[in-house]
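Copied over from TrEMBL, here are the features:
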TRANSMEM  A:12-29  transmembrane segment
TRANSMEM  A:49-72  transmembrane segment
TRANSMEM  A:84-104  transmembrane segment
TRANSMEM  A:144-165  transmembrane segment
TRANSMEM  A:193-215  transmembrane segment
TRANSMEM  A:221-243  transmembrane segment
TRANSMEM  A:250-269  transmembrane segment
TRANSMEM  A:281-301  transmembrane segment
Amino acid sequence: MITALFSSVEAGLLYALMALGVYISFRILDFPDLTVDGSFVTGAAVASVLIVGGVNPFIASLAALGAGFLAGCATGLLHTKGKINPLLSGILMMIALYSINLRIMDKPNVPLLQQETVMTIITTAFQRFDQALATFIPFIPKTWAIIVFGVLLVTIVKVVIDLFLKTEVGLALRAVGDNKKMIASFSGNTDRLTIIGLGLSNALVAFSGALIAQYSGFSDIGMGIGMIVIGLASVIIGEALFGAKTIVRATLAVILGAIVYRIVITLALRVQFLETGDVKLITALIVILALVVPQMVATRAEKQRKARKRGAAVASTQADYESV
Amino acid sequence: MLQLKQITKVFNEGTLDEKVALKHIELSLQPGDFVTIIGSNGAGKSTLMNIISGRLAPDTGEVVIDGKNVTTMSEHDRARYIGRVFQDPMAGTAPNMTIEENLAIAYNRTVRRTLQFGVTKKRREFFKETLATLQLGLENRLHAKVGLLSGGERQALSLLMATFTKPHVLLLDEHTAALDPARAQLITNLTKQIVEQYRLTTLMVTHNMEQAVQLGNRLIMMDGGQIIFEASGEEKKKLTVEALLQEFQRIRGSQFASDRAVLV
Ligand SMILES: Nc1ncnc2c1ncn2[C@@H]1O[C@H](COP(=O)(O)OP(=O)(O)O)[C@@H](O)[C@H]1O
Ligand SMILES: [Mg+2]
């Protein structure tokens, strides 16, 4: 049980990068980008093929990031220059990427089990530390390496995003999602900003895909199916649980949301009658719940507030009446 | 400063909905000119503003700013020369961003955006000083989201954002029309103050004839996509609302009755 939770935190950290990408497109750019299902696999495919080809896994992962950037830019071009609506641009790119990913991998599945990956490298580097820790902490996971690496990496990415969104270019990017007419009247090239924003978003998604492939020991053509919903689930759960008042808060919430999502799925799968195949259904249900429950809570609060007000009004007219 | 040469614009050309919005518009502004524009609904005033700002392309004709032909320049490139305030108080600012972030975005209208921080200590001081000239206390709310401001406050901020970087041309399209009378008066006063302070070359569309007569050194009346009356200098100074209405009646006699309601 603890081991299962431990690995869901590990995976959650790596998926958090993807969720941050989804946060950039959905929340910052206000662009529902479905490219994610494809670009996640593109990242995994590029990294796996390069690693099998003998390239350093860190460099392979960065190459995946670059490939994701290009995929996102392509979606941006479809939307801005091709004047195709956001949803359709993403869907078209997602479908196109399916074939491209197959071409990159040359087969539906590339195993990485015998390969040196980012995960094996850091685990080896951590061996001494793991042994030392084992003498202090009674609970013994296989290794602390991935958690430590994940926390470090995700923190760095988060801080870089937070800072970037405060730069002149970053502010313009946020304005594109907030008020296009306004940013255009202040010399912002909305087309270019949208393209760059989607590029950055999908770069993170692909980077996450590359790391997940190395974490799970393979890349697979189907590993991206429903990824956008998982990303959304993380964003929505995170925002609902941890708030999104400021950017700094929101990016943290998204990361925690990704981890919470993994934990929920792990726990759900321990329920007797649920099977692995039910994961996507559970995901959809979680998103629906996360979307509907806050609404219901809000309406309820509003109703109660109104009822109180009405009560107070009645009381005060009564008081007036009595005082006369 | 700004020249419009033979601007024509037709919407939905060749269809049943064909609408000639502008016909052979000629206009030339000298530096520091403050032109008020009046005209009934559908006269083509907004279309004219949109063609100057590059939101719309004219069918024929040229837009020249500072001697430079900008007719084919994109809206965002042209924005380096132009400051704009829209009718809708929500249109000119980003609601989910703070006051200082909005000002930082406006600051970059003329300066290329880089990976520097948008709000630096130095800029924040500058923003504070500039905001203080509005006398609305916004300088103490730099971190407030703009969406929380009232319509009047937002429009005042929009006006400041459009002007504090001293645009070559300032375009105001009924920017007080959506506000209640008191707020509209406030924005009108601020407009006057700012335009004088920065000596901005300004085009201001207004539905308020009183305002059109009082403000600026030139006045233009538009109807049916044409400039049908123009006054400047001494003539403009002597102009009254009543005289304007008579002028309109003289030119467009029959339509007067129906348009009077709109114009006053
Ligand atoms: N995008 C558009 N498509 C079709 N017709 C338009 C469009 N914009 C404006 N028009 C028409 O052009 C004419 C001038 O409109 P506009 O410039 O908005 O007038 P004003 O601002 O003076 O009230 C109107 O008849 C309007 O219906
Ligand atoms: Mg108009």
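Including glycine, each Cβ sits where the backbone N, Cα and C put it.
Curation does not apply to TrEMBL; its annotations are automatic.
When each of A:12-29, A:49-72, A:84-104 is checked for Cβ pairs under 8 Å to the transmembrane segment (A:144-165), A:12-29 comes out on top. Recorded stretches compared: A:12-29, A:221-243, A:250-269, A:281-301; the one with the most Cβ pairs under 8 Å to the transmembrane segment (A:84-104) is A:221-243.
The stretch from A:12-29, A:193-215, A:250-269, A:281-301 with the most CB pairs below 8 A to the transmembrane segment (A:221-243) is A:250-269. With respect to Cβ pairs under 8 Å, the transmembrane segment (A:193-215) is most closely packed against A:12-29, considering the stretches A:12-29, A:250-269, A:281-301.
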